[in-house]
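As annotated by Swiss-Prot, N-acetylserine applies to Ser2. Summarising the annotation, Swiss-Prot assigns phosphoserine to Ser7, Ser18, Ser30, Ser51, Ser53, Ser305, Ser323, Ser398 (among others). Taken from Swiss-Prot, the feature O-linked glycosylation site covers Ser30, Ser31, Ser49. Annotation comment: Swiss-Prot describes Tyr36 as phosphotyrosine, evidence class similarity to another entry. Residues annotated as omega-N-methylarginine in Swiss-Prot: Arg55 (among others). Swiss-Prot lists 77-128 with the feature region 'Interaction with TRADD'. Taken from Swiss-Prot, the feature region 'Coil 1A' covers 80-115. Residues or ranges marked as domain 'IF rod' by Swiss-Prot: 80-391. Annotation source Swiss-Prot lists SUMO2 cross-link at Lys81, Lys247, Lys370, Lys372, Lys417, Lys426, citing a large-scale study or a structure entry. Sequence annotations record features per position, and here Swiss-Prot assigns region 'Linker 1' to 116-132. Taken from Swiss-Prot, the feature region 'Coil 1B' applies to 133-224. Taken from Swiss-Prot, the feature site 'Stutter' covers Trp271, Tyr331. Annotation comment: Swiss-Prot describes Thr404 (among others) as phosphothreonine, evidence class a large-scale study or a structure entry.
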Amino acid sequence: MSFTTRSTFSTNYRSLGSVQAPSYGARPVSSAASVYAGAGGSGSRISVSRSTSFRGGMGSGGLATGIAGGLAGMGGIQNEKETMQSLNDRLASYLDRVRSLETENRRLESKIREHLEKKGPQVRDWSHYFKIIEDLRAQIFANTVDNARIVLQIDNARLAADDFRVKYETELAMRQSVENDIHGLRKVIDDTNITRLQLETEIEALKEELLFMKKNHEEEVKGLQAQIASSGLTVEVDAPKSQDLAKIMADIRAQYDELARKNREELDKYWSQQIEESTTVVTTQSAEVGAAETTLTELRRTVQSLEIDLDSMRNLKASLENSLREVEARYALQMEQLNGILLHLESELAQTRAEGQRQAQEYEALLNIKVKLEAEIATYRRLLEDGEDFNLGDALDSSNSMQTIQKTTTRRIVDGKVVSETNDTKVLRH
């Protein structure tokens with residue numbers, strides 16, 4: 001980091017003939033200051049420029065007025081020698097004063113240089129924090145994208161679970177319908193069994209009735225034969241041969257047996273077919289129900305795993321949010337600290353600028369005094385060199401001419417140290 005401090009001082013005074021006398025009135029002409037700082041703390045430059053003009057006539061306490069009054073009152077060479085002696089004494093005192101002021105000026109310049117070296121404006125480099133901030137922002141963005149992707153996966157899993165739930169409900173309804181059909185078929189089987197039992201009961205009753213009728217017929221035949229035998233009569237009846245009741249009963253019995261057998265076979269065949277169909281349907285439905293139960297179990301496991309994943313993702317999201325809040329709070333605190341440091345540095349910089357301006361003003365005042373003394377010394381030296389040829393009236397007549405001495409001091413400061421200093425003095429005539 002480098003600073004360039006430039007101070008420009010200009011002093012105007014009127015000339016007295018061939019000698020220079022300082023003017024005691026002062027009027028600041030211009031004062032300008034500029035500050036430039038590059039990004040990152042490099043290439044910073046502070047430039048201070050001041051220009052002060054002093055102009056005016058000789059006051060009642062000035063040197064020219066004293067000389068004019070002394071010479072006008074005396075008018076003799078003796079008085080001029082006494083005046084020159086007093087001027088020599090004053091010159092010696094002025095030289096001592098100039099030497100002391102130069103010493104004080106060097107001391108002030110050394111203090112200014114030390115102050116600039118110690119409390120030079122410094123700007124810390126925060127560029128390495130920018131990389132960390134960018135990395136954290138990239139991580140936050142990646143975590144946000146991951147959270148969005150996880151939320152999308154959760155939504156897809158929820159939709160898939162809803163589809164499986166609909167399929168499960170459909171299969172459950174089909175299973176209930178099949179179970180209802182099976183229950184109805186079981187009722188039909190029960191009714192058929194009851195009908196079969198009723199028919200078997202009727203067959204048994206018919207068999208008993210047939211046996212009873214056969215027994216009665218045999219008893220009647222035996223009774224008739226006994227009556228015929230006891231009467232001793234031979235009765236010949238020219239009549240057709242009577243039918244054999246036993247044969248008829250046997251035929252009837254055979255017919256009933258055949259009918260019962262056919263009915264039994266038909267019923268057995270029908271109910272066997274119905275039972276086979278029902279068994280096939282039940283087997284098919286049982287297989288479908290088993291598959292549906294297997295699918296339901298898998299869906300339940302999938303839902304449980306998805307719920308576990310959802311809980312883990314929620315926990316991960318909560319932890320990431322907590323981490324994000326902690327990072328934001330930590331970096332907010334660091335930013336506050338950095339802002340505080342920046343404000344402190346700006347305050348120190350403002351104080352340094354104010355101190356520099358104050359010291360520059362003091363230096364300017366001392367420089368003005370030095371210029372005045374140098375002008376008076378030049379005047380005294382000219383008086384001593386000219387001797388009796390000095391004409392105060394000519395000096396007063398030429399007092400309208402004015403010269404400006406402009407002194408520019410440029411200092412280059414790198415990392416709080418003065419690496420170069422240049423002084424430039426210009427004399428401008430008006």
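Using N, Cα and C of the backbone, Cβ positions are placed for all residues, glycine too.
Mean per-residue pLDDT, taken over the region 'Coil 1B' (133-224), amounts to 86. Secondary structure of the region 'Coil 1A' (80-115) per DSSP (helix as H, G, I; strand as E, B; remaining residues coil): 36 helix, 0 strand, 0 coil. The Cβ neighbour count for Lys372 (SUMO2 cross-link), using a 10 Å radius and every protein chain shown, is 20. Among the recorded positions listed (Lys81, Lys247, Trp271, Ser323), Lys81 has its Cα nearest to the Cα of Lys370 (SUMO2 cross-link).
Following the DSSP three-state reduction, the secondary structure of Ser323 (phosphoserine) is helix. Distance between Cα atoms for Lys81 (SUMO2 cross-link) and Ser323 (phosphoserine): 95 Å, as a whole number. For the region 'Coil 1B' (133-224), residue counts in helix, strand and coil come to 92 helix, 0 strand, 0 coil, using DSSP. If you measure from the Cα atom of Ser305 (phosphoserine) to that of Ser323 (phosphoserine), you get 26 Å. Of the listed recorded sites, namely Lys81, Lys247, Lys370, the sparsest Cβ surroundings within 10 Å are found at Lys247.
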